[in-house]
Amino acid sequence: MKTMRQKTPLKVVPKSAIKSRGNSGNSLVKDPVQVYCRVRPPPCDSDLTCLRVTDPHTVVLTPPQIAINFKVANLKETQYMFKRVFDVSVRQHDVYLTVAQPLVEALVRGRNGLLFTYGVTGSGKTYTMTGDLQHRGIMPRCLDSLFRTIADFQAKKYTFKSDRLNGFDILSEAEILLERQLELNGKLTKSSRKKDLDQEVASQASVDPSEISGIDEDNIYAVFINYVEVYNNSVYDLLEESTIQKTLQSKMVREDSNHNMFVHGVTEVEVKSVEEALELFQVGQKRKRMGHTILNAESSRSHSVFTIRLVQAPVDLQGENVVQDRNALTISQLSLVDLAGSERTNRTGNTGQRLREAGNINNSLMTLRTCLEILRENQQTGGAKKVPYRDSKITHLFKNYFDGEGQVRMIVCVNPRAEDYDETAQVMKFAEMTQDVQIARPTPMKVDVGLTPGRRKANQLFKLAMNEVADKYQLSPFVSETNSDPTEIDLGLVYSLEPFRVDMKLGSPESDELIRKLCEILRLRIQKRKLLGDDFNARQNRFRMNLHKLETENLSLQTNNTAMKGVVEQKQQKIKALENKVELYESTIDDLNRRNRQLEEKVLTLQTQLNQKTQLLNQKEQEKERQRKKFTSKIAVETEKKSRELEQKLMEQRSKHEDEIREKDKRLRLVSEIVQGTPIPRGRSSSVDRDMPKMETTPNVKSLVSAYSTPIASRPGTAVSNARHRRSRSAGERWLEHRAVNPVPLGTILQPYYNNSKSVTKLSDKDVVNHKATKYCLISQDADTEGELETKLFKGDVIPTSGGGAQVVFNDVEFLKQYSPTKTPPSRKRSSNFVTPSAPPLAEIQNTNSKCSTGIEGHAAVTQNKRSKH
Ligand SMILES: Nc1ncnc2c1ncn2[C@@H]1O[C@H](COP(=O)(O)OP(=O)(O)OP(=O)(O)O)[C@@H](O)[C@H]1O
């Protein structure tokens, strides 16, 4: 008789009670981000360096002379402290042991981890993370340690399957078979590429042995990997089969129900060994290069994210099969990120596509920096500033590490050569700041299924013992007759009618006694048989009742199940609809972000253009103004020159004309004397004579010149002796002052003074005649050639004419001028703010004479007005 296999009394603790991920992390204990610094050897021995390691926690950065701000900013030596500094002598294995092994241990214990390398281009990030054939990096070592540790507890068959929503399904045997068939039908063609990679992977796989502690032996483990790259702010799946032929398809970053970020629809491949994992990594690497060729960029200028996901499921009571419950799974992940190198674009001399790429890389690194700065600020000040994770895909992917729970570690890679100083200083500042960011300490994620710990080991021991027993007792009465398998032992309650041991020999003297004993035994047997029959019937009845109960329960469960299935289906449809919506919104957000970026760039370009145009316009305006001034002054000078020339010509013609008239008059007089015998007296009223007195009384140019030149030429500097400078105070003088409407106030100490005067701005004949003025003074104000104010006083005598009018005969000009003492006076020896005018040049005297020698007679209003403007 074979006993029924006991079902495990599954007791799954609700997930929400066990997993306190997501934003609940705020109240938990927090640890700072651990930052390590690795210094690579200088590329050439002759390279100047700017960095030295002073102890295992400190580096000192010394500004070299080639630093950008070396001279201006007075740069000083700076010391940076980190959790640990690895100098050039530290081996890859030691870096792995210190930084990454604790993360693998945490992974096995169900905790998430993130490790990223950060630094300037060529500082050794890829070397540290991946390494080369001789010096394996962190990633192959993590895989190696993990597989060494879980080797004995790995799922031997496909039991888990990624559900593409950041979770896993546990597949039944039938489903596994179906999967296998699909695989055989050629849906998965891994083997075709295997040969090419075998050699490469074989060498990658052999690393220093290193096992980790913390394994739970009551679990079955499965390892999945996914590998993506973030390039131009888009996420590309490097393990997707279709990637080979098609152009790369960008993937969405989404958040699952536990607030973990994941790449939606990413290919997750279950790997059974380090070799398999590395093979896939190499495939990804090749696709990455291919992708870049498609996008016309050869260098690996992207962020690589290699994620190891570990799924753990508890074993059942027998220690062999997985507990078939999704909620009993523990899923943890370790992301190994090789960030693209930060660089100063003007140093690399990149242009076009490369420059844009560098811009993108720097943008995403800048976003990472901004996120960490705001996070730190929020933590230190208790603020709630929005952390812009969504601004870049790489920070969006890291969101749940910084916001939720998980260990975050960073390795800052540094190239010590002097040329990198400026970028290295930036990297160091960022790294130092990152150490202040606190991350919630992950709580253990162990799922309690209510089973006794150590059952797997106990089961193995039990089996071993049974095998030994089976070997020893080949024909053991304990071995079931119906079962050929010696290990299948009936451990149930044995009801037996004891062995019939009586030795019966009839006809002997003890026969009676024997028969009596036999009767007794038979009676007991009958009794026992009855007892067993009753017991059997009772058990049968109990069993029947139980069966009936079970069937009833089963029926109600089936009904419930059908109802639940309907509900689940509805919910799944709802979820699907919501997911579609989310996808739509996310693509819209991405679109809007892209458009926003484009518009911002356009605005910037337009702004620059506008500024340039405004500058050009201003320059043109200034040039125009300069030209205008230049031409105005030129015109003024030219006009002045021309008018003087014209007046000069007029004067010459007039004097010529007068000479001719005088000659004619002389001849006429001679002719008349000859004809009449009497001389014609001078001053007769002929048209010629009428003009003559005016001409004769007006001092001609020569007399004026002699009046000016004689005293100055003979006795320079003795102008006081000149009769013209004697100001007559005789009572009979009446002055008529003729000045502009709004004269510029004279700042001179010496002011024109008239004893008995009348001031007019517009001269009329009445002013001259009725006022009985004897003296006339015309005040003219003008700018001299150096821009100084020059006041000229043209003075003359008012002489009544025979026609009843009056004429002004100009006979004196006074100048009033001021000069700045700091300015060299123009060819004057006397330095004073009062300059005595010397004799004006001949041209000016003639000019003035021509202006002034016109008498005020005949009441020519136009002439008077013109004169008043002088
Ligand atoms: N610690 C080290 N010891 C010896 N060689 C190193 C070390 N670090 C880096 N190198 C060498 O320096 C070169 C550049 O390193 P690597 O490619 O890792 O730089 P990177 O920071 O990843 O650059 P990028 O940002 O451009 O990808 C490689 O040839 C690598 O072998």
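Yeah, the Cβs are placed from backbone N, Cα and C, and that goes for glycine too.
What TrEMBL says about this one:
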BINDING   GLY119, VAL120, THR121, GLY122, SER123, GLY124, LYS125, THR126  ATP binding site
COILED    561-667  coiled coil
DOMAIN    32-437  domain 'Kinesin motor'
REGION    820-853  region 'Disordered'
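When secondary structure is read from DSSP and collapsed to three states, GLY119 (ATP binding site) falls in the strand class. Residues near GLY124 (ATP binding site) in space but far in sequence (CB under 8 A, at least 6 apart, same chain), listed by position: ARG38, ARG40, CYS413, VAL414, ASN415. For the binding-site residues THR121, SER123, THR126, the greatest number of Cβ atoms within 10 Å around a candidate Cβ is found at SER123.
In three-state terms derived from DSSP, GLY124 (ATP binding site) belongs to neither a helical nor a strand segment and is classed as coil. Summary: among the binding-site residues (GLY119, GLY122), the fewest other C-beta atoms within 10 A of the C-beta are counted at GLY122. Each residue in ARG40, THR117, TYR127, GLY341, CYS413, ASN415 lies on the same chain as GLY119, VAL120, THR121, GLY122, SER123, GLY124, LYS125, THR126 and has a C-beta within 8 Å of the C-beta centroid of that ATP site, without being one of the site residues. Every protein chain considered, the tally of other Cβ atoms within 10 Å of the Cβ of VAL120 (ATP binding site) stands at 22. If you draw a 10 Å sphere around the CB of LYS125 (ATP binding site), it holds 26 other CB atoms from the protein chains shown.
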